Every structure is written in C-alpha cells, then in structure tokens.
Amino acid sequence: MRSLLRGVKRLFTDDGGDATAGLDQADDGPTDTTVTDVGEPVPDGGVEAAAGPATAGDGEDSMLSRLRRSDFLGSLPFWLPPFLLMGFFVYGAIGWNLLISLTDMSGFTDPDYSNLDLQNYAQAFSDPGFINAAQNTFVLLVAFTLVCLVVGLLLAILVDQGIRFENTFRTIYLLPMSLSFVVTAQFWLWMYNFDNGMVNTLLRSVGVANPPQWIGDPQFVLTAVIIALVWQFSGYAMVVYLAALRAIPSAQFEAARVDGASTVRMYWRVIVPQLKSATISAMVVLMVFALKAFDFLYSLAGGYQPPSGSDILATKMVREAFNRGEWAYGSAIAIMLFLMALAVVAPYLTMQYRQGEL
Amino acid sequence: MSGRTADASRSITDQVTEVSLRRVGLYAVLVGLLAFYLSPIEAGLVTSLKTTAAFNETAPYVPPGLDGLTLAKWAEAFSLLQAGLVNSLILTIPATILSATLGSLAAYGLTKVDWKGQVGVYVLFIAGIFIPYQAVLVPLSEFWGQMFPLYEIGAPVWAAVPFLQEYHGHLLALIVTHTAYGVPICTLLFRSYYKDISDEIVEAARLDGASVASIYRKVILPLSVPMFAVTLIYQFTQVWNDLLFALIIIPSGSGSAAPVTLALVQLGSGVVTDFTIKMAGALVTALPTIIVYVLFGEQFAEGVAA
C-alpha cells in the first residue's frame, strides 16, 4: 500500500513545489499511525512538524494547513475499504490471472507456480481458433462501434429538432439498453429464426426468395450479431451526443443558417467537429460493451460454443477454461484480451487526466 | 432549434409549406426508427401471448386473435423462472445498495478532501470500470471454489438460520463479487457529482470545526440523494442483467442458486425450440428492469451518460 501511494505521489511531483513538499512530510509522518488509529487527526508531534515548513505564516494559515493535512487521514476510512475490496478483486485477480497464464494448469490439478513460462502465449499464436477469434473480435469491435456512433449521432440530431413527444422517442430508443444480454439474445433468436422469424418473413414479403439463415450461416452470423448489438446500444451513443449537442450554443446553429449553409453542410462543418470529445468517450465505452458481448453469444447458442463464425476472444477464453478445463491457456487469452482493452482505455484515461477531467 | 426564422425574400406560404413538409419527413423517420427499436420487443410480446396453434398460423409480428390468445405461456414461464427471480432479487438488492454506498464513500474521500494523491487513487478506481471481466474469471472461480468456498465455510450459519440453505453461500459470493466490481462505476458517478458541489459549503463546515466524517454525514450525504437514485437504478439493472459471474461462480451442479438470467438461457430450448415460452420467459426476466426503466428513465439516462 505504501509503495503504491509513493508511486501515485511521484506522478504528481512536478505539479508544484510546496504542495508536494507538504505531502511528502505528511506521508512520512502520520501515515504509519493510520493503520492503528484511523479516523480523527493524529494529535502527535508529527503533524506539527510537518505543518511547519509548508506554511511559514501566521496562525490562521497554519491552522488551516493542519486541518488540510488531517484531511488525508480523515479521508482514509472513506476510500480505503472500497479501494481494498475493489483492488483485491480487480488488480489482485488480474495479477493472479497473469501468474496462472504462465503455468500449465489444466483439468483438476492445482496450478504449479514454480515452473513458469510463456508457452500458452506461444500456443495461442499457432492456434487457428485463436487467430480466427481475434479477427472476429476486431471486426465486431470496429463495425459495432462505428455503426453505433453513426446511428447514435443520427438519432441525437433528429431528437434535437425541437420535436413533440421528445421524451417518449428518447425513452424508446434507449429502452433496449436496460435489457439483459440474455433477454435480447432471446428476442433476436426469434427475429432471426429462419422459417418464421420476423426478419425473414419481411424479406420474403418484399420478394427475397432465399433469405439467409442468419444465425446458422457463418457468413452472416457476425453481421446479425452486430445489428442486434447496435439495436441494444445505439441509444447510449444517442444520449452522449444529445448532451454534447445541447452544450453547443444555439447561436452557432443560427449563425450557420444566416451564412446560408444547408442543414447537412451545417452539421458536417459546424456541429460535428465540436462533438470530438463526446465521440471519443462514447467510442471507448462502446468498445468495452463489445468486449462484454460474451453474455449475448452464450445466450444465443445456449452454451459455450457460439454459432460458427461468431467466436470471439471473450467466448473462446471462457470455453477453454470453464468448458475444456484448459485453465492456463484460457488465462493467457484473458491477458491478451485485457491488453487489448488497456490499449484502448489507457490513452483515453491519460487524455482525460491531461484535460483535468478526472 | 430556431434555425427556421426569416428568409424575408420568400413568401410566407412557401416557407410554411417547406417547413411543414420537412416536419412530416422528420416525424416519418422518427416513427420508422421507433419501429426498428420496438419490433423485437413487439414480436416477443405478441408471440408470448399465442397458443401453439396461433403461433403456427400467424406471422410473428401479428397479434393473436381472440381464439389464439392465452396467458398460459406466461404462467408457465413464471413458474419455471420463479426460483431464479427470487435468487436474482436476493443478490441484486444487497449488491446494489452496497456498491452504491461504498461508491459514495470512496468518491467523497477522493473529492471533497484536500489531498493531492487522490487523483492517482481515483485513476485506479476508474480503470476498474474498463477491464474485460474475462481477465479475472479463472482467479474468481479459484477463489470462491477452492480458497474461500463460502457455501462450505458458512455451513454452520446455513444450518442454524431458518430459510438459509447451502446455496445461499453461492449467492453471498455473487453479492460480494458484484459489489467489488460495481464500486468503480459507482465511484465515478458520485465523484462527478461531488465535484460540482461548491467547495465553500465544505470549507465553511470545516472552519466551524466539523470533522471529515461529520461533513459527509451532515453536508454531503443529504445532497447525494438524487445521485443515489441514479446509481441505484443503474447498478440494479447491471447486476440483475448479469450472466457471466453467475455462470462462473455457481457450480453447474447447483441449479438452485441460479439467478433468473442463468435459468432463462435454457428455457424453451429442446429438440424443437418453443419460442412462445422463450419469449414469455424473456419478458418475465426483463420486467423488473423495464419497470425500473419506465419509472426512472431520466435517472437511468443520467447514469448511462456519465
């Protein structure tokens, strides 16, 4: 914990001299006592000493800064227990998962931590099933995210036209997002049913003689899954864009009108460029949703093996570990999935931090 | 939008026709989109109300006639999912309340308190939102299955307390798990809210000699009520809708602990899929979240947008 705090603190050392100096001393002094005495400010000499050099001013100042110093201790009981619980299950588990991925744990044996190597990662890259799942994951991620953003932006612009019953429209567009993947998978299983499903019934009624099998056809299944997921999550993109649109001063819409810009051109030239940060945050969240598509595919198939042509890393990982007992191999796939997510999220969080959004 | 004002060179009637034509087009698109978003639910609903004969004879989106109308599938689905619904409630309510409470506490400790390192700790919280759960599944099942099997450890408790069974140990494990993974998003929701609370109120309370804890109790907590609504609603749907953790933590043999989502996966799947029962089951499962969503749509949208 202490080393973690130090590391965190180091992140901020270039933020300005005296604040950091104060923190340094606060950290060296009272932190040790926190384990035994959590809660009220520690009334020993450590605080006084620490308070001294940071203020060098009149009495009121030193009292204020002493209060501030005590804030760190006072704040511990609030954030530390949730942090420990979350840290154990998130970061502890990821670390443990990394360790398991280096063993050759499979079947009913316990992991042997004395013999670690990268063999599972090597295995992945020579496993055609892994390559295939990685490709599908990539396609799903990119296509789903892009279509969701476009549909969401369209919905937001339409809803933003000062329409009547705006709330009703918004509520219905967002409704699918409140449903479980398991539920939406049941609905779409029925929609895509080859003989009687709504999609093919409608296709036949407009003259398509041989509509696709959708779920049963490896060529179409990924498209079918993406459409279903777009149905579920485009409302989310709408909400994000709507908030961003409302933040743009209406004078800008009017100014573009006066300039004679047509509606489409106005949106493309004036409005869309201002939606960049909304787009980025919606994109990151949508990608995270896409990585969680496991629940949907599991429910679609009613088991660990998703319909042929729609295996993604998330389903392959769970199947290798929990169906086939290849724990170590599954863990290795999980780590690669984690790294993919990190590659998307880390730049985003860094950007947010730089902009002072956190 | 007020872009429709004035272009003086054209006659009023021209403008009015153009505007109303555009309006008609706009509403046509909006309604067409409604059809897209509602059709899977509509098809599910009408199908769930059909007798087997009506199911075979009518198109999937056509409501059944009076002779083809039945509530039998709903009754059947409900009785098959009843145990799952109870389990889902038992685990969702405490997990929701716990993660919202812990999120509020953490957000307060990392926002309204003057400590420089808080942003760093906060980043660690936030990163927890984005991890794919696959990265923790094997350790989770090792932890709850081998290292800390609550259903075994708690055996004396399950035996001593009426109504408690061994499988409640699995539910307890799920509650702890959902709470732990819910804390990051709840912290995010509360923190973005707390950042907007004026520092002056807090500073004033502090100068009055209030401790960190009493500022939370007397100032922050009463102001947090709207945010608690948002967080509880968001987290309720998240936990209720989960499949993955239940699948991993509840051993396949222990069906009695299965929440409703897990029970729904297999419902109506036999040699021939029975879609009437599947649709009824899907709607029964979705009903609590739909009710919450219809009643508290604004709060849900707010939770989603953050």
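Glycine residues also receive a Cβ, built from the backbone N, Cα and C atoms like all the rest.
Per TrEMBL, the feature domain 'ABC transmembrane type-1' maps to B:85-296.
The annotation transmembrane segment is assigned in TrEMBL to B:21-39 (among others). Long-range contacts of the transmembrane segment (B:21-39) within the same chain, counting only residues at least 6 positions beyond its ends with a Cβ under 8 Å from a Cβ of the stretch, are 61.
Residues or ranges marked as transmembrane segment in TrEMBL: B:89-110 (among others). Long-range neighbours of the transmembrane segment (B:89-110) within the same chain, counting only residues 6 or more positions beyond its ends whose Cβ lies under 8 Å from a Cβ of the stretch, are 118-119, 121-122, 125, 168, 171, 174-175, 178-179, 182-191, 193-194, 216, 220-221, 224, 227-228, 231-232, 235-236, 239-240, 259.
According to TrEMBL, the feature transmembrane segment maps to B:119-140 (among others).
Under the heading transmembrane segment, TrEMBL lists B:171-194 (among others).
Look at TrEMBL and you will find B:243-265 (among others) tagged as transmembrane segment.
According to TrEMBL, the transmembrane segment annotation covers B:277-296 (among others). Listed by sequence, the residues of this chain that lie at least six past the ends of the transmembrane segment (B:277-296) yet keep a Cβ under 8 A from its Cβ atoms are 43-45, 47-48, 73-74, 76-78, 80-81, 85, 88, 229, 233, 236-237, 240-241, 260-261, 264, 267-269.
The list of residues near the transmembrane segment (B:243-265) in space but at least 6 beyond its ends in sequence, with Cβ under 8 angstroms from a Cβ of it, reads 80-81, 83-85, 87-88, 91, 133, 137, 140-141, 144-145, 165, 167-168, 170-171, 173-174, 177-178, 181, 281-282, 284-285.
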